[in-house]
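What follows is a short report on a single structure.
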Amino acid sequence: MVTSPLPHSVVPKTESPELGCRSHSSSSKEKVPKDLLGIDIRIIEAIKAIKSMCSMFSSTSLVHRLIRAHNIILFPALLIAKTLKRLRNGLKRFLSSRCLVLIGMNLQRQFSISLSNIFNSATPFHPQNLVVILRLLQLSHHRNLLLPFKSRAAELKEVAAMEIPQQQQQIQVDLGNLMAFDPHHSFPSNPSSREELVKECIAKGTELVQAIANSLFNLPSTEDIDGPIVQLPRPETKLPRQKHLPVPKPPTKWETFAKTKGIKNRKRDKIAYDEPTETWKRRFGYDRANDENSVPIIEAKETDVPGEDPFAKRQEDKKKRVEKQDKNRLQNLKQAAKVGALPSHVQLAATRLPITGTQSTTKKFSKDELGNVAGIAATATASGGKFDKKLPGEKPPKHKGKFRKFLPVVEGKGKHSQEQEQTDKVLNKLISKNSHEIFNVDKAVNMYNVKKDKKRKNKPGMSSSTLKPKKNIQKKPLKKGSSSEGKGK
Amino acid sequence: MRPLDETETTTVFEKLFKFTGNNLKNIVENPSHEGPDPGPGRYCFRLHKNKVYYVSESLVKRATNIARTQLVSLGTCIGRFTHGGKFHLTVQCLSLLASNAKHKVWLKPTSEMSFLYGNHVLKGGLGRITENIVPGDGVVVFSMSDVPLGFGIAAKSTQDCRKLDPNGIVVLHQTDIGEYLRMEDEL
């Protein structure tokens, strides 16, 4: 039951028709396309899928083609999954990216659902889910794995015992990866038709899955409410990386120098003794030991240049040192960039740094920008491009600027005056806007009061002599202002 | 020199409307008898160097002979557009406003001078006031002998003026004919 690692290159394209029976999981910890993560993975369906795995091998005409197209060595379960026609496209992407790991992790989050409940529910099968659940089982090798196969376990064993007693010895099983592989398999004769091939493939796939299941139940298990729990062994098969190993960083200038001189990096304490305060302080950073900046008095030396501020000089020196270090750093990064070993945190910002030689990356013009330029060029003729032949697909130039148009200063006599029209329009608008104040309550009340007053004044007819002259004075202006009110005192 | 565009016309008319009310129609449709034409022409508004002029059309025609840079003024300047796009009336439009004013205030002879020096109209100086003034309305200020002195914005309604104490402000000063002396250069 020991698996042998099977590198991808072992199985070339030409061999693909026979591939159906080989089983090998292909996965790596590379990025997952987003659409896959977006797939709603239901464990229920997945578990169900496993349950019905043995019985559901039906139409598998696509296997052959798919395998050939991707040159992928397949997990038996995957193989089965791939046969389902309606999810073919999604699966294609899935398989080509070989990223089962992340999905498995996604599932781990959802794994709190009791599996025994899930197992009994009857929901339609999705090949993606099948893949996922298998991967999930693999992932859980470091924790306890729930095996809700209790009811089916005996059944499965029987089947295994009946069907494939000899082959099981030949099959190599890597339980850590939940993977099985039959190195001794060969087709007795070339299958005549595609259907036949498919049938054979599925039969072989069944065997392999069965082998996994059998060895799974041979593992020592502990009882749980949900069923027996087994601990998966560590995966033995080494799966290949998708990307190359990172290039080692070239040594910096200092490192090469130190090597030639035999200088070794020695660790210094984080804490150093601070003489002025006679305490222990951190060696670097804020409030550090022996900080030059915190020294209030600097003793004069003979070498001091008269008229020079020692404090300012210290600051300047420090600035120079920092600048120099920055320069060195960039130089080293430049060297690293040449080899292609830029550290990942610098890679994104590399174009901003003066590393790559060309500081400004060539700007790409957008479609709109090009269109605008073309428009300007097209209108840069004496006629403003009016009589030019239009290129196919050329749009009329867009005027970005504002072209203010005013009415003519003077219009001919016979013409209908545009300006008059405009003023009338504005005037009517203004008047109609303010026409709602037709009935003025204040005014009405005022008029009523004034009338009342007049009546009262007329009736008694005993106006005092002091009032009369006053009235006369006020009457004069009153005639002009139609309805005005005496205010004089 | 150019005619006002629509937004400019609206701002100018709104400002004038504050002072004249529906009499604005009279200003716009005022017939002019200038020029050699036998029939009456019309008055129009023209913008020149931020200033708005109220000119008869026949005068505009003749003014087109003069280059824009050379033209200093034509017709009656009624106000100017500020840099921010607002419209301010100037003293020169006083005669136009006075003849079409909706709201008026007459000053006592004693307070005339104070107003002409640029002060607000106080209740104490108020001779007479037209009815139905709402705070914010444009008000033309007259002397008791009906000589227009300037204009401003009503600070109090007519009703409120009755109860106001003598030192309360009735009309906020905007312009007065004293500016002809005080701000001679700017006009």
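Using N, Cα and C of the backbone, Cβ positions are placed for all residues, glycine too.
TrEMBL has this to say about the protein:
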{"type": "REGION", "residues": "A:1-29", "note": "region 'Disordered'"}
{"type": "REGION", "residues": "A:303-328", "note": "region 'Disordered'"}
{"type": "REGION", "residues": "A:382-424", "note": "region 'Disordered'"}
{"type": "COMPBIAS", "residues": "A:386-396", "note": "compositional bias 'Basic and acidic residues'"}
{"type": "COMPBIAS", "residues": "A:412-424", "note": "compositional bias 'Basic and acidic residues'"}
{"type": "REGION", "residues": "A:449-489", "note": "region 'Disordered'"}
{"type": "COMPBIAS", "residues": "A:468-479", "note": "compositional bias 'Basic residues'"}
{"type": "COMPBIAS", "residues": "A:480-489", "note": "compositional bias 'Low complexity'"}
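Here the region 'Disordered' (A:303-328) has Cβ contacts under 8 Å with residues 252-254, 292-293 of the same chain, all six or more residues outside its ends.
Mapped onto DSSP helix, strand and coil, the compositional bias 'Basic and acidic residues' (A:386-396) counts 0 helix, 0 strand, 11 coil. Each residue of the region 'Disordered' (A:303-328) gets a DSSP state, and the totals for helix, strand and coil are 19 helix, 0 strand, 7 coil.
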